[in-house]
Amino acid sequence: MAMNDSINILNSAYLAVEYIDSFLPDNPLQQPFKNAWNYMLDNYTKFQIATWGSLIVHEVSYFLLCVPGFIFQFIPYMQKYKIQQDKPETWEKQWKCFKTLLFNHFFIQLPLICGTYYFTEYFNIPYGWEEMPRWYVLVAQCFGCAVIEDAWHYFLHRLLHHKRIYKYIHKVHHEFVSPFGMQAEYAHPLETLILGAGFFIGIVVFCNHVVLLWAWVICRLMETIDVHSGYDVPLNPLHLVPFYAGARFHDFHHMNFIGNYASTFTWWDRLFGTDSQFIAYQEKEKKKQCITKKKAN
């Protein structure tokens, strides 16, 4: 009975969104996107699209999303939004990070990406324009993928912090006490495989078109680069996502080395009390700010 009620609620929500969407103006980018998509289908094989297309989406999205944080370090005005202001980025660290990223991307992640074609063939996942889900379905699917990945990340990330294994794997990611955007995927190859597995679980559950693979890649990169950016910028649209952790939440994890284990949302840390030190730290910082304001007045 409860299952039927849940299905009815989801169906009603879907119909409501579909009804609202019918009143929205036509997207001017839809036709160019359709033309580009059909051109891709006409000129490349499914293997090329699934493999090289996925690699291009990942690499272009990753480094483009890193650009704002990289530029911020050269803008004095943006330094007031840097969370750990006493630990500026250095060229040496960024170059080291970049070299490790290239190794992980092309020797760890690329072999995994090569399996994308066989995954889509095995599950008969379509590539065509007509089968492509509407934007609101993609948004819902990406949110579902994020919820699944977040749960996987919380428990496996917490396990990687166990004193018996931390120094062998996860310590690499924590070389940078003050993170920066490009460092999001700086990790031991085994960590890339272990935590990265959570990315694919949602795909297995929700994927009904190859475009979800790319949409979820972009969403996941947007989130992980943001929380590793080292900057808490106001009017960040990601803060509109319910229970979104954000840069301050994850920055504290790098600064403190324990707690705040989730990747995207705050509920697992709140449920298990692993955000207690972060909450205490926030309260302490608020008291300091109040005292400073009183002295200034």
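Each Cβ is built from the backbone N, Cα and C atoms, and glycine gets one as well.
Per TrEMBL, the features are:
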- 144-274: domain 'Fatty acid hydroxylase' (DOMAIN)
- 60-79: transmembrane segment (TRANSMEM)
- 100-120: transmembrane segment (TRANSMEM)
- 135-156: transmembrane segment (TRANSMEM)
- 192-217: transmembrane segment (TRANSMEM)
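With a cut-off of 8 Å between Cβ atoms, the residues of this chain six or more beyond the transmembrane segment (60-79) that come close are 85, 88-89, 94, 105, 180-182, 185, 217-218, 221-222, 225, 229-231, 233.
Counting only same-chain residues 6+ beyond the ends of the transmembrane segment (192-217), those with a CB under 8 A from a CB of the stretch are 49-50, 53-54, 57-58, 61, 104, 108-109, 112, 116, 119-120, 123, 125-127, 131-133, 138, 141-142, 144-153, 156-157, 160, 169, 185, 263. Restricting the average to the domain 'Fatty acid hydroxylase' (144-274) gives a pLDDT of 95.
Helix, strand and coil counts from DSSP across the domain 'Fatty acid hydroxylase' (144-274) read 88 helix, 3 strand, 40 coil.
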